[in-house]
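Going by TrEMBL, these are the annotated features:
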DOMAIN    2-100  domain 'SRCR'
DISULFID  Cys71-Cys81  disulfide bond
DOMAIN    105-200  domain 'SRCR'
DISULFID  Cys169-Cys179  disulfide bond
Amino acid sequence: ALRLAGGRSRCEGRVEMEQGGSWGTVCDDGWDMADAEVVCRQLGCGSAVRVRLAAAFGRGFGPILRDEMGCQGHEEYLWDCPALREHDCSHKEDAGVVCSEHQEWQLSGGRDGCAGRVEVFFRGTWSTVCDSTWYGTEARVLCRTLGCGEPLRQLFFHHTLPGRMVYECGSLQPSLAHCRWAYNKSAPCHQSRAVGVVCNGT
């Protein structure tokens, strides 16, 4: 089994694999985009956007299971790649990855990080969010995800970034990525404005 831990979604984090019933980490010696590509594809998280070294997502626990990973990038599973089972690493060298299906959000242009235009980082680029299906539930999910409390009011902006995202949350979810969403679909974004929000936290 394979998973990413310590990130903001299941498609970003410290690489952890299971062996003999216990979870362990991978050392960042030789860790590169080809290794990350295998991880992202195996997890159904698209392709690799960034590799992260030096325990960027926090130090893991348990054994360090692989060192000097040498994937070509086409392998089906991470454990199919050549690697050393013996290591000279500590958990401060745990390898991490950001995959293209990871989503992260920010509010920009407001007085702090809890107010402004909604922007989402997805597939390696920042996008704005269309107001066509943006209501109270979507705003509540976002404000809570950002640690900004509850929404106070909605704002409207122009779309000035390359991508467009649409979210539709039927209920309160842990993040917008758990709601229904579509990326760069022209129909739901036709004649839309870019949505913004003011949350009551700071």
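Backbone N, Cα and C atoms are what each Cβ position is placed from, and that goes for glycine too.
Helix, strand and coil content of the domain 'SRCR' (105-200), in residues and according to DSSP, is 20 helix, 42 strand, 34 coil.
Secondary structure of the domain 'SRCR' (2-100) per DSSP (helix as H, G, I; strand as E, B; remaining residues coil): 16 helix, 34 strand, 49 coil. In this view, Cys81 (disulfide bond) is surrounded by 18 other Cβ atoms within 10 Å of its Cβ, with every protein chain counted.
Taken together, the residues of the domain 'SRCR' (105-200) have an average pLDDT of 92.
If you take the Cα of Cys179 (disulfide bond) and the Cα of Cys71 (disulfide bond), they are about 34 angstrom apart, rounded to a whole number. Cys71 (disulfide bond) and Cys169 (disulfide bond) have their C-alpha atoms 38 Å apart, to the nearest angstrom.
Candidate disulfide-bonded residues: Cys169, Cys179. Fewest other C-beta atoms within 10 angstroms, Cys179. On the backbone, the CA of Cys81 (disulfide bond) and the CA of Cys169 (disulfide bond) stand 39 Å apart.
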